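Asks: Mind looking over this structure? Questions follow.
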Amino acid sequence: MTTPALLPLSGRRIPTLSPGASSFPHHRATLRLSEKFILLLILSAFITLCFGAFFFLPDNSKHKRFDLGLEDVLIPHIDTPKEGKHASGQVIIHGQGGHDEHRHREEEESLRDKIRADHERALQEAKEKLRKSREELQAEIQTEKNKVMEDLKKKDPGPKPLPPVPMPKVVGVSDGEPPEPDVKEKRDKIREMMKHAWDSYRQYGWGHNELKPLAKKGHSTNIFGNSQLGASIVDALDTLYIMGLHEEFKDGQEWIEQNLDFGVNAEVSVFEVNIRFIGGLLAAYYLSGQEVFKLKAVQLAEKLLPAFNTPTGIPWAMVNLKSGVGRNWGWASAGSSILAEFGTLHMEFVHLTYLTGNPAYYQKVMHIRKLLAKMDRPNGLYPNYLNPRTGRWGQHHTSVGGLGDSFYEYLLKAWLMSDKTDSEARKTYDDAIEAIERHLIRKSNGGLTFIGEWKNGHLERKMGHLACFAGGMFALGADGSPDDKAGHYLQLGAEIAHTCHESYDRTVLKLGPEAFKFDSGLEAVAVRQNEKYYILRPEVIETYWYMWRFTHDPKYRQWGWEAAQAIDKYCRVSGGFSGVKDVYSSNPTYDDVQQSFFLAETLKYLYLLFSSDDLMPLESWVFNTEAHPLPVLHLGNITLPGSEPAQR
């Protein structure tokens, strides 16, 4: 039997015989069976195809079809019409019809063209960026940042403007050139040292908190959190202004206007940020009159207020600027706050209330004073630790050096800043100094007056570099002392200055150690290796300056010049100034940190030491513990907002 051939006819297939096939009847029966079988196969194939099409062809109602290069999806072997025209008997499966399909193809083609154009444009921009210099790229980035900031300012009008208040009388903020040529030469040298420190920071650490002058890169410590807040810029501003370095001052001001942001997620030291940032910004405002400094100081102060949310009102040592969550240092006695930290807020907070009209700042610091006044003090001394939860003292450790120092300083300066009207502050200071003199101040076998540390009923015969500020404090507080003791306290200041000079003079580098002892035959000398370092600290030079102002004894300028020469010789490097690890070594190693307080305090006090007294006169200015000058508030009959409630 021959195999039938399939011939197309109008879309159907029918069997026919090959040439030479027999036409006998029994062959007709066989033919009928073959036709039925073939028709059955065709029907089965058709049903299978339809079934497959139903399950496997895309559903255009749910998915947008991507053009695969086919005009339509057709059943196999069925003619494909064009432009949607259907011939009789043709079975065509369209997604949404010919016109919809055409529209989809156009949209897809347009989308591909757009993607291709965007890709080419991005490649071209990348090529252009690669051709630009680093400076041009930085300028573009800054422009974009400024644009974003401007857009944000338009959306957020920012804080309400501060109320207008009379500007305190500002005198003696420039010049101060000494009449003596040799003194002027020394002053010019100090100015040059400041310029080297600033220029190095400007080049290698700009925007960072501090500088690593050997590594020539930025540096920061945990007191500033993990953010780049430009501590050295803020700390140095008033020094630059006083020295007449106005271009450098302008650079710092521009950075602050464009970059200083306190809305960061950073945990900072309330004390350090207050004395360096709020103090530095307020001083820059009073010296220059530029409103931006006042506004920034107030923005930061508002971020510090949550630190006072404790059961006693004694603030936490640290606060997160974003969340307002506070806590204390882990090493402080049983979670205590530290006397020198919560007791060194008064000057700045009084000025904040004066400038803003917000009584909260004044009330916070007055509450601390009232709380301390009610507490028992062992031997009349203030321990360094106070628990902010319980209101009880921590371990009985009293020091005029670290942990205690600036608490006593701010009692005196609160009185001075009030134009000597805050008699409560003066009385508290006098009582504290009387107890210190009775229990902590001693004279060594070699005749050196020193201030020891009281620890659990025992006097440790050791004095820290930080405690050397007290010589200047005693001199500053001499006028106004009870029982005509002005001469006594001026003499006490001179004796402390002499002892601290000895601590410098007895080293190889002529720079003072971090701490020095007075026992076992050793006097004014460091014993432990970890007390032999000098980190560009200012306290000894600070005392020299105050003693010079009150006595004009030329030895203080001589001692100051010795220290300046030693710093320039042993601490100066090509990338700035660095602390040294051992002042008793003729070949010391560096600690590779240029502290922000070196620009704020050490160089400022040296410059003032070689200036005439009409530069920053002490009758008009009070320096905070970071050497930031704040004007005396001659309030007269004006009452600070909140002062009456705070005194009830």
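Even glycines carry a Cβ here, placed using N, Cα and C.
Caution: TrEMBL annotation is automatic and unverified by curators.
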Asks: Under TrEMBL's annotation, the disulfide partner of CYS468 is which of CYS500, CYS571?
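Replies: Between CYS468 and one of CYS500, CYS571, TrEMBL records a disulfide, namely with CYS500.
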Asks: Pick from 57-99, 143-185: which range does TrEMBL record as region 'Disordered'?
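Replies: Going through 57-99, 143-185 one by one, TrEMBL flags 143-185 as region 'Disordered'.
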Asks: Cα within 10 Å of THR625 (Ca(2+) binding site): which of the recorded positions CYS468, CYS500, GLU514 qualify?
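Replies: So the list reads none.
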Asks: Given CYS500 (disulfide bond) and ASP405 (active site), what distance in Å do their CA atoms have, once rounded to a whole number?
Replies: 16
Asks: Report, as a single number, how many Cβ atoms besides its own are within 10 Å of the Cβ of GLU539 (active site).
Replies: 23
Asks: Which of CYS468, CYS500 (the disulfide-bonded residues) has the most other Cβ atoms within 10 Å?
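Replies: Max Cβ neighbours within 10 Å, all protein chains included: CYS468.
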Asks: What subset of the recorded positions ASP405, CYS468, GLU514 lies within 10 angstroms of GLU539 (active site), using C-alpha positions?
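Replies: Neighbours among recorded positions, in sequence order: CYS468.
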Asks: If you count the C-beta atoms lying within 10 Å of each candidate's C-beta, which of the active-site residues GLU272, ASP405 ends up with the smallest number?
Replies: GLU272
Asks: State which of the following recorded positions has the fewest other Cβ atoms within 10 Å around its Cβ: GLU514, THR625.
Replies: GLU514
